[in-house]
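Beneath this line is the structure, given in structure tokens, with notes to follow.
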Amino acid sequence: MEWRFADTPVSYPEALAFMDDRIAKIREDRAGECVWLLEHPPLYTAGTSADPADLLSPDRFPVYAAGRGGQYTYHGPGQRVGYVMLDLRRRGKDVRCFVHNLEELMIRALAEFNIRGERREGRVGIWVARGGGREDKIGAIGVRVRHWITFHGFALNVEPDLSHFSGIVPCGISDHGVTSLWDLGQTATLQEVDSALMRSFDAVFGPCPTESLTST
């Protein structure tokens, strides 16, 4: 397992190119699994279920077709994006379990900062109850699987400019807002969040099994 960390924002095309190359190498057993933690410059991405009507400010930032599941989301500085390239041939061919584990990864990491992240039936991602029936989204998930190799992953709001989410209907859900660690009073650094994510990953996913691959 390789952990990669980007010190400066990574362009979206560069990230896509890296993932395409890496998952091909994982499939051919020429590279190991990888988690890449990074930030992007401000941009919007459209998943395969995105409704064009949900792009409210099309000229605000660059918009990219992501190829992942889900709808529109915002990426930008202060948001920790995790691209998770795992070999499900070795880990059990269960995409639902993989998505559930990504949610658990964020829930555990948030708990280290005394934030209670929660799942919601029918709404992939992580939510925080704010009282009075209000709840805001703090973590998003959008994945793709090719030949049982995962790519894309999750985005956790640490200290992004939350106003930038107003240019879209985030994940197609207009009834709820977005929040971040800083918005909730937890002024964690990205490096502190990275450490929490790594610990949570080890607890949730564990090491990659070493048994031989089955044909696909």
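Note that Cβ sites are derived from N, Cα and C of the backbone, with glycine treated the same way.
Swiss-Prot lists Cys171 with the feature active site, acyl-thioester intermediate.
Annotation comment: Swiss-Prot describes Arg68, Gly69, Gly70, Gln71, Tyr72, Thr73, Tyr74, His75, Ala140, Ile141, Gly142, Gly153, Phe154, Ala155 as substrate binding site. There are 26 other CB atoms within 10 A of the CB of Tyr74 (substrate binding site), with all protein chains counted.
If you look up Swiss-Prot, you'll see 29-209 marked as domain 'BPL/LPL catalytic'. Across the domain 'BPL/LPL catalytic' (29-209), the prediction's mean pLDDT works out to 93.
Counting Cβ atoms from all protein chains shown, Lys137 (site 'Lowers pKa of active site Cys') has 22 others lying within 10 Å of its own Cβ. Swiss-Prot lists Lys137 with the feature site 'Lowers pKa of active site Cys'.
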Same chain, 6+ residues apart, C-beta under 8 Å of the C-beta of Gly142 (substrate binding site), given in sequence order: Thr45, Gly47, Ala66, Arg68, Gly69, Gly70, Thr73, His152, Gly153, Phe154
Cα separation, Lys137 (site 'Lowers pKa of active site Cys') to Tyr72 (substrate binding site) (Å, whole number): 14
Lys137 (site 'Lowers pKa of active site Cys') to Tyr74 (substrate binding site) - Cα separation in whole Å: 12
Where Tyr72 (substrate binding site) falls in three-state DSSP terms: strand
